[in-house]
Amino acid sequence: MIAIIDYGSGNLRSIANAFRKIGADALVTSDPQILEAADALVLPGVGAFGSAMAKLEGLRETLLGNIMDGKPFLGICLGLQVLLSESQESPGVHGLDLIPGRVIRIPPGNKVPHMGWNQLIIVEDSQLLEGAEDEYFYFVHSYYAEPSNDVVVARTDYGVEMTAAIESDNIHATQFHPEKSGEAGLDVLRNFVEIIRA
C-alpha cells in the first residue's frame, strides 16, 4: 500500500486517483501507524515552504525515520522542496534536510509562477523517469530546488535551467506534477510502483 501523506497542503485526491488509475493501492492518511505500515510514502503539496514545515511538524519524526530506513519515497512539487535544508521563501525555517541545499526564487525576468507544460532534460539515468526523455510535464511553482550534492536527474528550461527531478537512494522527487501530466505522468507513477516492487 502507498501512503499519501495528508498534512493539509494541496489536492490529494488527484494523486490518489492517479495511482488508482494505474491499479496501485493508495491511501490518503495522516496516521503515523499507517505510514509505518505502508510500502511507500508520497508527499505531495502546493503552497509555502514555511507553512508546509509547520504542518509537517507532528509527522516529521515518522517521515524521517521511514525514509532513513530505506522506504521508497516520492515527493511532488512542494514535497520535493521540503526535502532540502532551507528556502528563500521562508527564511529561518529548516526543511527536512535530507538533501543538502536550498530552494530559491525563479529569477526576475521570468513569469512567476512557472505554470504550464515544459519539457524534461534528463541529465542522469533515472529509474523514476525511464521513458520520459523529451516528454512534457505540468509545472506550477515560483521557487525551485538547488541541491548542493549530485542528486539532480532532470532539469527543465524556463529562461534558467531548474531542477525538475531528483533521486538519492530511496528518495525520488519531482518539481512537476505527474498526476496532472497525462499519460507521461502516469508512466512516472508506474515507474515508482515498479521501484516499490523491486
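The backbone N, Cα and C atoms fix where each Cβ goes, and this holds for glycine too.
Copied over from Swiss-Prot:
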DOMAIN    1-198  domain 'Glutamine amidotransferase type-1'
ACT_SITE  Cys77  active site, nucleophile
ACT_SITE  His177  active site
ACT_SITE  Glu179  active site
(request) Could you pull the average pLDDT for the domain 'Glutamine amidotransferase type-1' (1-198)? (result) 96
(message) Applying a 10 Å Cβ distance cut-off over all chains shown, what neighbour count does His177 (active site) have?
(response) 22
(request) Run through the Cβ atoms and count how many others sit within 10 Å of the one on Glu179 (active site). (result) 24
(message) Let's check the environment of the residue listed as 'active site, nucleophile': how many other CB atoms sit within 10 Å of its CB?
(response) 24
(message) What does the structure give for the C-alpha distance between Cys77 (active site, nucleophile) and His177 (active site)? Integer Å is fine.
(response) 7
(message) According to DSSP, collapsed to three classes, what secondary structure does His177 (active site) have?
(response) strand
